[in-house]
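Undergrad: Relevant sequence annotations retrieved from TrEMBL are reproduced here:
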TRANSMEM  6-22  transmembrane segment
TRANSMEM  43-62  transmembrane segment
TRANSMEM  74-96  transmembrane segment
TRANSMEM  129-150  transmembrane segment
TRANSMEM  170-189  transmembrane segment
TRANSMEM  201-219  transmembrane segment
TRANSMEM  285-306  transmembrane segment
TRANSMEM  318-336  transmembrane segment
TRANSMEM  348-369  transmembrane segment
TRANSMEM  412-429  transmembrane segment
Amino acid sequence: MEMFYYLVFGAMSVVVAVLEFSKNNKDRINTSTAFNAFKNNYLVVYSLMMAGDWLQGPYVYFLYSQYGFSKGDIGRLFIAGFGSSMLFGTVVGSLADKTGRKRACITYCITYILSCITKHSPQYKVLMVGRILGGIATSLLFSAFESWLVAEHNKRGYEQQWLSLTFSKAIFLGNGLIAIFAGLFGNMLADNLGFGPVAPFDAAACFLAIGMAIILSTWSENFGDPSESKDLLTQFRGAAVAIASDEKIALLGAIQSLFEGSMYTFVFLWTPALSPNDEDIPHGFIFATFMLASMLGSSIASRLMAHQNLKVEGYMQIVFAVSACTFLLPLVTGFLVPPSGEKGGSISFAGCIQLFGFCTFESCVGIFWPSIMKMRSQYIPEEARSTIMNFFRIPLNIFVCIVLYNVNAFPITVMFGMCSIFLLMASILQRRLMVVAELHNKSKPEDWTSLKERDTEAEPLNI
């Protein structure tokens, strides 16, 4: 492996370590012992859930190819997963609000364990069932756990600012350290120990089972709207009305879909972008570097959110704008750097420049996750939280399915340019969200002041 990759990984590791260990009291949030126990319990569970997810990712495509399926067959399996998340996500989200978020988290564990078991079969129909189950599980992973956390945090009366601490730590661990560990552990099981590509899925099922045991023994149940008089259709209608009637929620949903759609597209594009001439690049090591960049972003986010005067709606405009610029690099390098006609070999100079840009984008992803979680906790109503969050994933899944279906129809530079436009639109919409939120917040102090003035005027009469 070239020294270049070690230098990038090492330099980023140093930056992350410096940021984490140089935090002063201004960068830290003072919390209670009870909250720390609650936070640590959630972080353990969330890390186990993410380990179960990350262990599978690098080996899904490889396993299908080992079973002898063509690229088209594998593509249809992936589309089935995203389509399942789109079709069934809103249903399971509404059930989570109605029947309980703890039950939904347990359902996630069971569903994903069953999906892992299907990987032992080389039958296409069985694998298709596994992808459908995986799509349902993904919807629960990105809605039920966050919904449970927000509701339980508020029920226990903890300060709102402490919630951002849990979010940033969850991303630092779940999307950073755990992702790196999962990649190395999966590689050890599948390659070093020779257990084959199914072994990471078995390990994922074990981590999910451990997490489910902790949920069953330590978590309490909470609900969105447990009213028995409301059926699923009524809940869907209520969520749709909430999105349509509150501009803040609609803007938040559009921002999330634009950014996550670009992010999932990047997952499919970074490999051909870095190796257009079949250059020999260390995919696993680059993936670990991306995850380290995500850790860097979450560390930056924890510092940003520790300052009460710094608004999430403000700095996220810059994050989206920087993300848009990073996706222009493949287009810029294509014009400025002469292309290499040689097949194979090491990564090109243009590839090195793009790798730095992609690491910057992954740092933006690390900032995005805890920040969007905090905004969702502020703007989405509690009674339909899981339902609305899964509504947000409908346009996202449609977008990803379209990209997957047409991934070979457009040049890579066009795809990156399209994603750059989407990210710029997200920045503009984020600006609009900040303006709308400020107008909404300004009306509250005015109402409070007018009431206070009336109370003051009434005091002499009482005397």
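Cβ coordinates are placed from backbone N, Cα and C, and glycine is handled just like the others.
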Undergrad: Count the CB pairs under 8 A between the transmembrane segment (43-62) and each of 129-150, 201-219, 348-369, then give me the winner.
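TA: It is 201-219 that shares the most Cβ pairs under 8 Å with the transmembrane segment (43-62).
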Undergrad: For the transmembrane segment (170-189) and the transmembrane segment (285-306), check the count of CB pairs under 8 Å (sequence separation 6 or more) and say whether it reaches 3 or more.
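TA: In contact, yes.
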Undergrad: At least three Cβ pairs under 8 Å linking the transmembrane segment (318-336) and the transmembrane segment (129-150), pairs spaced 6 or more in sequence?
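TA: With fewer than 3 qualifying Cβ pairs, these stretches do not touch.
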Undergrad: Other than its close neighbours in sequence, what residues sit by the transmembrane segment (412-429), given a CB gap under 8 Å and a spacing of at least six beyond its ends?
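TA: Tertiary neighbours of the transmembrane segment (412-429) are 251, 254-255, 258-259, 261-262, 265-266, 269, 272-273, 276, 317-318, 320-321, 323-325, 327-331, 334, 403.
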Undergrad: By a Cβ-Cβ criterion of under 8 Å, what residues six or more beyond either terminus of the transmembrane segment (74-96) are in contact with it?
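TA: Here the qualifying positions are 60-61, 64-65, 103-104, 107, 127-128, 131-136, 138-140, 143-144, 147, 224, 232, 235-236, 239, 384, 386-391, 393-394, 397-398, 400-401, 404-405, 407.
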Undergrad: Near the transmembrane segment (201-219), which residues from the same chain, at least 6 beyond its ends, have a CB less than 8 A from one of its CBs?
TA: 41, 44-45, 48-49, 51-53, 55-56, 59, 63, 102, 105-106, 109-110, 112-113, 116-117, 119, 148, 152, 185-186, 189
Undergrad: With the transmembrane segment (348-369) as the reference, which stretch in 6-22, 129-150, 285-306 has the largest tally of C-beta pairs below 8 Å?
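TA: Going through each listed stretch, the top one turns out to be 285-306.
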